[in-house]
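Taking it in order: structure first as structure tokens, then the write-up.
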Amino acid sequence: MDHNGELPASVEVKECHASGFDSICVENETNNFSNQIKVWQPSNGDEMKLCISMPSSPTNHCHVDEAKGLENGVPDSSANIKNINQQLHLNHQKLKDKRFDSFKTWSGRLERQLSNLRGKPQEIESDSENIEPLPLPVDRYFDALEGPELETLRASEEIVLPDNKTWPFLLRYPISAFGICLGVSSQAIMWKTLATSPSTKFLHINLIINHILWWISVALVAIVASIYLLKVILYFEAVRREYYHPIRVNFFFAPWIALLFLALGVPPSLVSKLPVPLWYVLMTPIFCLEIKIYGQWMSGGQRRLSKVANPSNHLSIVGNFVGALLGASMGLKEGPIFFFAVGLAHYVVLFVTLYQRLPTNDTLPKDLHPVFFLFVAAPSVASMAWATIQGSFDNGARIAYFIALFLYFSLAVRVNFFRGFKFSLAWWAYTFPMTGAATAAMRYSSEVTNIETQTLCVTLSIVATLTVTALLVTTILHAFVLRDLFPNDIAIAISDRKPKPHKKWFNLTDIETFLKFASSDNKDIEAALKIPTPEATSV
């Protein structure tokens, strides 16, 4: 209270329970109203409150009554109470952490409008806060991040989001989560092929398995896509930073490849023949992304292929071959050949670039060893695509299949690729390349049927199924039990400018010594900066 007995205009009157005295609770960021204001911290961890104490009252709490006014000398003023509420809301907004606002789509504008409708006016932001953030240049990603996936923050850099607390879930939800959809939906294709391929008829596989897996895949794609769509709506800046990330941009192919997998694995009992316009709808976004990615590979600059080459680049190649496979299975001719040709040309360039590992490329750490299996995905799908285009598993399809088979075995025999690293979403890179190799083996076994090829396709199918099942259980465990599947995404929180270098100042003693002992003729500054010994100063 002030000297006139008035309650300060920035204090909200509430009921407060304190021991031994009557009190009026207030919420405010300061406690300099008067000597009677005391700090009260609830034991349950709620916000700190400030209490105005009145020891003369025998009770331990007081009540606010707008009709009768405030007891104990506080004057009646309903207008003052409304003022108090408005001022307190403004003060509360200042206490909120606004560092996440720059990633929100509306930067808090929608929140302010809803609060205004509820009769709680928000503080007006300055024009500088309403400026739309610009996309980060690619140089900033290379300057601020390190590692083959550009996921680790450099020691000299800082992030714009708090690093000592867990971020909102949507900010931690990466585009790479669609890798789960690729693994499960590819299983639906494999079990459909197992049930319908002539070489595996002896297994007597029922199409009901394909039916169940396909519906699980549909549900999974819908859930993952819905969550990421919420991220697009609420945190568009985070999505844009992922899109401009030199490595993350490859995962924007994953949603469309997952939809292509769903089209290929649809149970025959549901749809006997897919509509042709569906292929054009699904391939249009893939074509647009390829125009951007392949153009950057060719045009040079910081996004040239030798600079950003990574096994995740195979996703753009796989999109071409899966699209060609779907189009050829629907009866199309020119479109599938076009995408097959584009994918083949860029696969050769990417394969050579990744295989030779230029000196500028970092060695992949253990945590990213699973992405090496993406080498197997492209030739596996390419062999099936070419066989469908030609109508038979001819020599061209066999060449691609044998390349995939050799890469599969060369990676599978390396035991270190499967141990010694922490679980993450990168493990899902094992799944659909293994499944693709198993499906290609079935197509080859149908052409060359013998006990060896049949054993191989069954073995690869079992390995792929066990891998997907184990990863699905592990993912659920880390997501819902351990709750460490989605850590803070440091890669999207880098600053838009380089940190200012710390200036190195001389010690005050060094400066005094330099001014005292350095002459105008002395050019050796380092010698002049040496602190003299006591014997020297006494002479």
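Numbers here mean position along the shown chain, with the first residue as 1.
Just so you know, glycine gets a Cβ as well, placed from its N, Cα and C.
Please treat TrEMBL annotations as automatic predictions, because they have not gone through curation.
Here is what TrEMBL says about this protein:
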TRANSMEM  170-192  transmembrane segment
TRANSMEM  212-235  transmembrane segment
TRANSMEM  247-266  transmembrane segment
TRANSMEM  278-295  transmembrane segment
TRANSMEM  315-332  transmembrane segment
TRANSMEM  338-356  transmembrane segment
TRANSMEM  368-387  transmembrane segment
TRANSMEM  399-418  transmembrane segment
TRANSMEM  425-446  transmembrane segment
TRANSMEM  458-482  transmembrane segment
_At a Cβ cut-off of 8 Å, and with pairs 6 or more apart in sequence only, do we get at least 3 pairs between the transmembrane segment (425-446) and the transmembrane segment (278-295), yes or no?_
no
*With a Cβ cut-off under 8 Å, give me the same-chain residues at least six positions beyond the ends of the transmembrane segment (368-387) that come close to it.*
148-149, 310-312, 314-315, 317-318, 321-322, 324-325, 328, 336, 340, 343-344, 347, 351, 354, 393-394, 396-401, 403-404, 407-408, 411, 416-418, 421, 426-430, 432-434, 436-437, 439-440, 443-444
*Tertiary contacts of the transmembrane segment (399-418), as residues 6+ beyond its ends and Cβ separation under 8 Å*: 366, 369-370, 372-373, 375-376, 378-380, 382-383, 386, 393, 433-434, 436-437, 440-441, 443-444
